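Feature annotation from TrEMBL assigns signal peptide to 1-17. Positions annotated as domain 'NADH:ubiquinone oxidoreductase chain 4 N-terminal' by TrEMBL: 1-108. Here TrEMBL flags 61-81, 93-110, 116-137, 149-169, 189-212, 224-244, 256-277, 284-303, 309-329, 341-361, 381-413 as transmembrane segment. Sequence annotations record features per position, and here TrEMBL assigns domain 'NADH:quinone oxidoreductase/Mrp antiporter transmembrane' to 113-403.
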Amino acid sequence: MLKIILPTIMLLPTALLSPQKLLWTNTTTDSLLIATLSLQWLYPTYYPLKNMTQWTGIDQISSPLLVLSCWLLPLMILASQNHLQHEPLTRKRIFITTLVMVQPFILLAFSTTELMLFYIAFEATLIPTLVLITRWGNQPERLSAGTYLLFYTLISSLPLLITILYLHAQTGTLHLTVLKLTHPTLTTSWTNILSGLALLMAFMVKAPLYGLHLWLPKAHVEAPIAGSMLLAALLLKLGGYGIMRVTLLTGPLSNYLHYPFITFALWGALMTSSICLRQSDLKSLIAYSSVSHMGLVIAAAMIQTHWSFSGAMILMISHGLTSSMLFCLANTNYERTHSRILLLTRGLQPLLPLMATWWLLANLSNMALPPTTNLMAELTIMIALFNWSTPTIILTGIATLLTASYTLFMLLATQRGTLPSHITSTPNSTTREHLLMALHTIPMLLLILKPETISGFPL
């Protein structure tokens with residue numbers, strides 16, 4: 001564990017002390033090396049927790065998410081190079097420092113076996129994200145987006161802290177390994193229903209449940225590209241991961257908690273998909289699409305079967321790669337046309353033909369084309385939900401239909417159609433951008449060959 005966390009922390013002096021020429025090179029190579037080193041966590045094991053230290057242990061549920069978070073740091077640094085090139089050197093250093101500071105907290109949150117440390121790491125990821133959005137966003141609305149993010153997260157996570165303290169008073173320990181051995185403390189009394197609700201609420205806001213998702217499109221639209229990638233690919237997964245951990249811990253949930261959450265999640269998947277169909281803003285469209293995908297994850301994590309957990313796991317990983325790639329593509333368009341409105345950026349295929357290929361790949365994996373892991377995950381979740389309650393097939397079926405339609409709408413709106421008259425010259429797509437897209441696509445294609453690594457099953 002430390003052999004990843006310590007080099008990640010050592011990226012801070014690297015970013016602060018590198019000479020101007022080597023700043024990007026040093027940080028990118030260092031973080032890529034860390035990402036390569038972290039691949040060893042995917043190695044299958046028969047033990048319930050591997051790499052155990054006193055407070056951290058790596059599980060089948062957390063290892064894919066840990067590798068994903070290590071993998072995305074170099075990609076975020078690569079993606080931010082262009083919009084920082086005119087900034088003074090100190091600002092570049094501070095930007096990279098902010099990005100690196102999130103990383104140890106995310107690693108801790110995914111790998112900890114102690115609930116209090118999990119809460120601390122879960123909350124600490126908020127601060128650098130807030131700095132990214134409110135300092136490096138593009139529009140003046142970024143301040144309101146920051147306040148939305150801050151207050152949604154804080155109001156929802158205070159009950160979580162109180163419930164964790166209450167759990168500690170009840171059982172005398174907060175270690176997940178010990179909590180699994182004790183009898184489930186939550187029964188059907190009102191106290192326990194409310195504490196179960198409080199445990200889930202913070203994660204429901206983080207992996208936005210429909211109705212608690214209002215901060216997400218705002219934050220995504222205003223964030224710089226690295227902030228968007230961080231939010232979409234990692235911070236939403238914290239919510240899903242927290243639900244999976246906590247629901248297992250507190251024993252079987254009462255139906256008072258099941259039904260409303262699953263209903264909201266599936267209905268929300270349907271509603272946000274239909275919102276996507278009439279969306280004029282590209283980044284907002286991608287943000288709403290990630291709300292609808294995470295709705296499926298929430299619904300699957302709530303019914304707590306083996307199938308649904310492995311489906312939720314695979315969907316979280318593949319959605320992390322896909323939505324991050326879509327945000328990068330939207331950003332390349334934004335840097336060339338300086339607009340996120342779909343009407344003003346249409347018809348880009350003849351101008352940037354290679355980018356159109358990446359757009360096609362990302363969109364096909366977003367709408368779950370057969371060989372991708374997205375399809376495998378969605379099918380697993382739908383089967384698990386259908387087995388649990390038959391009518392859910394109506395909601396999930398309509399949601400997948402709408403997903404396919406808004407994805408194709410996004411592809412046609414950005415790539416086809418007549419070129420707007422105000423686009424006279426666009427810079428060519430650079431090697432850096434192609435590398436960035438390739439580093440998103442290659443893991444997706446490799447995971448098709450061996451999806452067991454991310455399925456959350458002990459191999």
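A Cβ is built for glycine as well, from the same backbone N, Cα and C atoms used for every other residue.
Contacts between the transmembrane segment (189-212) and the transmembrane segment (284-303): present, as 3 or more C-beta pairs lie under 8 angstroms, all at sequence separation of six or more. In terms of C-beta pairs under 8 Å, the stretch of 149-169, 309-329, 341-361 lying closest in packing to the transmembrane segment (224-244) is 309-329.
For the domain 'NADH:ubiquinone oxidoreductase chain 4 N-terminal' (1-108), the DSSP counts in helix, strand and coil order read 77 helix, 3 strand, 28 coil. Within its own chain, the transmembrane segment (256-277) has Cβ neighbours under 8 Å at 193, 196-197, 200, 204, 209-211, 213, 285, 288-289, 291-293, 295-296, 298-299, 302-303, 385, 392, 395-396, 398-399, 402-403, 405-406, 409-410, counting only residues six or more beyond its boundaries.
Sequence-distant neighbours of the transmembrane segment (149-169) (same chain, 6+ residues past either end, Cβ-Cβ under 8 Å): 115-116, 119, 122-123, 126, 129-130, 133, 179, 185, 195, 197-199, 201-202, 204-206, 212, 214-215, 218-219. Of the ranges 116-137, 309-329, 341-361, the one with the most Cβ pairs under 8 Å to the transmembrane segment (61-81) is 309-329. Below 8 angstroms of C-beta separation, residues 23, 26-27, 30-31, 33-34, 37-38, 51, 53, 56, 58, 70, 73, 93, 96-97, 100-101, 103-104, 107-108, 111 of the same chain, each at least six residues beyond the ends of the signal peptide (1-17), sit close to that stretch.
Below 8 angstroms of C-beta separation, residues 279-282, 285, 325, 329, 332-333, 410-411, 413-420, 422-423, 426, 428-429, 433-434, 437, 441 of the same chain, each at least six residues beyond the ends of the transmembrane segment (341-361), sit close to that stretch.
Mean pLDDT across the domain 'NADH:ubiquinone oxidoreductase chain 4 N-terminal' (1-108) comes to 91 in this model.
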